[in-house]
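Over in TrEMBL, the protein carries these features:
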- B:41-66: transmembrane segment (TRANSMEM)
- B:110-129: transmembrane segment (TRANSMEM)
- B:183-204: transmembrane segment (TRANSMEM)
- B:224-250: transmembrane segment (TRANSMEM)
- B:227-421: domain 'ABC transmembrane type-1' (DOMAIN)
- B:262-286: transmembrane segment (TRANSMEM)
- B:298-318: transmembrane segment (TRANSMEM)
- B:355-380: transmembrane segment (TRANSMEM)
- B:400-420: transmembrane segment (TRANSMEM)
Amino acid sequence: MTVVTEAKPTSAKSASDEIAVEIINMNKWYGTFHVLRDIDLTVRRGERIVIAGPSGSGKSTMIRCINRLEEHQSGKIIVDGTELTSDLKNIDKIRSEVGMCFQHFNLFPHLTILENCTLAPMHVRGIPKKEAEATAMHFLEKVKIPDQALKYPGMLSGGQQQRVAIARSLCMRPRIMLFDEPTSALDPEMIKEVLDTMVELAEEGMTMLCVTHEMGFARQVADRVIFMDQGQIVEQNEPEEFFNNPRSERTKLFLSQILGH
Amino acid sequence: MSNLDAETVQFVRETMIPPSAPPGRETGAVKWMRENLFSSWFNVIMTLLAIWFIWHFFVPMIPWFVNGVWNADSLRECREILDGRTGGCFAVLSERWKQLLFGFYPQTEYWRPILMFIWLAVAAAPIMFDNLPRKLLIATAIYPFAMVWLIWGGSIWGVLSVAAGFGLGYVAFKFADRKLEGLIPLLVGLAVAVVWWLFLRGPVAGGLQSILPFGLPSVGSRELGGFLICLIIGVSGIALSLPIGIILALGRISNLPLVKMICVGFIEFIRGVPLITLLFVASLLLNYFLPPKVTFDLVLRVIVMVTLFSSAYLAEVIRGGLAALPKGQYEAADALGLSYWQAQRLIIMPQALKISIPGIVNSFIGLFMDTSLVMFIGIFDMLGLAKAIRANTAWIGIYWELYIFIGLVFWVCCFGMSQYSQWLERKLRTDHH
């Protein structure tokens with residue numbers, strides 16, 4: 001595993017020595033198919049990590065293991081000092097600390113935007129309705145759609161829905177955010193508005209793990225880019241080095257395909 | 001290419017054209033008929049056939065309704081009044097409509113079922129329409145007990161002591177919930193309630209009745225009948241089978257093998273047996289299996305069977321709704337840290353039930369009509385009463401008038417349910433307004 005010694009100037013002040021997520025020798029199988037092989041990854045608090053790789057390489061599966069949407073079969077995952085086991089209490093605790101945004105937003109279509117944002121704080125954290133609504137409006141303003149609060153998700157554009165999904169996660173005041181291809185289902189016009197929101201979040205020092213194909217985003221905000229193929233971490237490095245001087249042949253091939261046009 | 005051309009090619013729009021109204025369509029009856037009835041040769045033929053059919057079959061019925069006799073004491077008297085003309089003998093309805101509605105319920109106590117009908121409307125309203133004041137739900141909560149007391153009568157302490165069992169169970173649950181975890185508080189609550197019902201309820205209710213006697217004249221289950229019994233069984237079945245159906249549907253897709261096995265076994269068993277068989281079991285066989293001296297009221301047994309029957313079908317309908325939900329909804333609920341039951345209550349069920357509304361209402365309508373099967377186990381519902389009325393010498397030979405009336409009563413109820421469900425579906429649409 002490559003240890004990053006020279007961090008970018010922006011990360012030097014934000015990333016601390018405190019460890020947010022630690023994955024040690026983790027393996028996962030779907031039936032007999034070995035999806036994740038010997039994954040080792042340490043994420044420090046405040047670090048922004050972009051995970052890239054061809055489809056089917058296990059990037060999504062890996063970050064979904066971090067909040068136990070997928071179960072790993074061997075190895076350890078430690079989030080915020082708590083190890084993920086089949087103990088339901090730990091799982092719920094970790095899930096309420098880790099926010100997640102999905103490729104298809106997964107907003108709740110039967111609830112208004114505001115109700116989407118207040119639901120978990122009220123029922124998981126037990127925050128009173130008034131306070132939860134105030135927090136929700138704060139984050140909806142942050143993602144620049146407070147005027148849509150009383151509409152239903154189905155009436156919003158894809159980009160707006162994804163920004164609501166980000167706000168919904170932030171309402172739980174998570175310490176870590178996971179993004180699972182947040183812009184892959186969006187029209188090109190809407191990708192920018194979502195990326196802008198994510199950049200703003202990164203600048204505030206949120207610990208982020210993003211699976212994305214947006215290499216411009218990776219260059220701009222990532223402290224580290226991780227390249228995965230066939231269920232393994234092939235290469236990880238800071239973005240400048242990663243893009244300008246890739247080490248492995250597989251990475252070179254991938255970059256030539258993704259940046260080549 | 002001239003300069004002029006070059007200028008026309010470079011084009012920048014300065015004002016956007018506002019959206020305009022769609023072109024006005026020709027309207028009017030002639031236009032509609034031409035489009036819908038006579039648009040092609042095939043349609044012309046079908047239209048003419050339909051007109052002939054209506055003329056031939058429905059028009060001759062008009063005098064039968066118009067000439068109908070409403071005041072007579074027997075079918076013979078009807079025929080004398082009609083004097084050979086075509087006409088229905090609706091006098092049977094004006095003479096017997098009370099019986100068709102209330103069965104053999106004592107005439108002096110008719111106010112009780114009438115009050116029950118009104119109370120039912122008040123109790124159902126806040127569940128059906130969420131813009132009504134929530135305080136009305138109190139009437140809904142009291143309704144099951146009030147209904148039992150109003151219809152069957154007897155000491156009020158009997159019903160109150162049963163209700164107290166729920167209250168005690170709830171208090172025990174709340175108390176245990178503070179100290180214990182998981183399912184244990186629920187079991188504690190249940191145990192307290194059961195102990196109360198089995199051992200303490202009887203003596204306490206008896207004692208209270210001897211100190212403070214208050215009650216209504218008792219009416220036996222054998223005296224119930226007509227539309228009243230249909231409504232009691234139908235409403236109880238509908239209200240009880242929905243929650244049981246939801247639990248069964250969740251059980252069937254559960255990861256716990258034992259829970260899954262029990263639910264699948266129950267659903268498949270019930271769906272493999274005709275309702276009439278279950279009703280015969282309720283009316284005849286159950287007495288053999290129960291210990292001697294333990295007797296359940298016949299109507300109660302029928303309600304239990306109808307509920308079990310309907311809940312198995314509902315479970316499958318709701319399972320279909322659950323399967324139609326995208327996996328992302330479960331994942332989003334999980335990722336936010338909601339527990340299984342929170343996710344079910346707040347995210348999954350509201351959507352799954354909404355998807356299943358047509359199927360659920362279909363089951364409810366089926367259940368409501370199936371209540372007429374109780375005729376075969378000796379309960380005089382409307383059909384049973386019709387048979388009895390036709391056996392009376394005064395009305396021997398009457399046929400259409402009774403069955404059209406009964407059909408109409410069923411149709412009004414079922415059409416009402418159907419209309420409500422369609423309104424609900426429209427109201428719950430959230431994609432675009």
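Heads up, the Cβ atoms here are built off N, Cα and C, so glycines get one too.
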Per Cβ pairs under 8 Å, the stretch of B:110-129, B:183-204, B:355-380 packing most closely against the transmembrane segment (B:224-250): B:355-380
Same-chain residues at least 6 beyond the ends of the transmembrane segment (B:298-318) whose Cβ lies under 8 Å from its Cβ atoms: 221-222, 224, 229, 232-233, 236-238, 240-242, 244-246, 248-249, 252, 263, 266-267, 270-271, 275, 278-279, 281-283, 286, 352-353, 356, 359-360, 362-364, 366-367, 370-371, 374, 377, 379
Folded-back contacts onto the transmembrane segment (B:41-66), same chain, C-beta under 8 angstroms, at least six residues removed: 85-88
Contact set, same chain, for the transmembrane segment (B:262-286): CB under 8 Å, 6 or more residues outside the stretch: 248, 251-252, 254, 296, 298, 301-302, 304-306, 308-309, 311-313, 315-316, 370, 373-374, 376-378
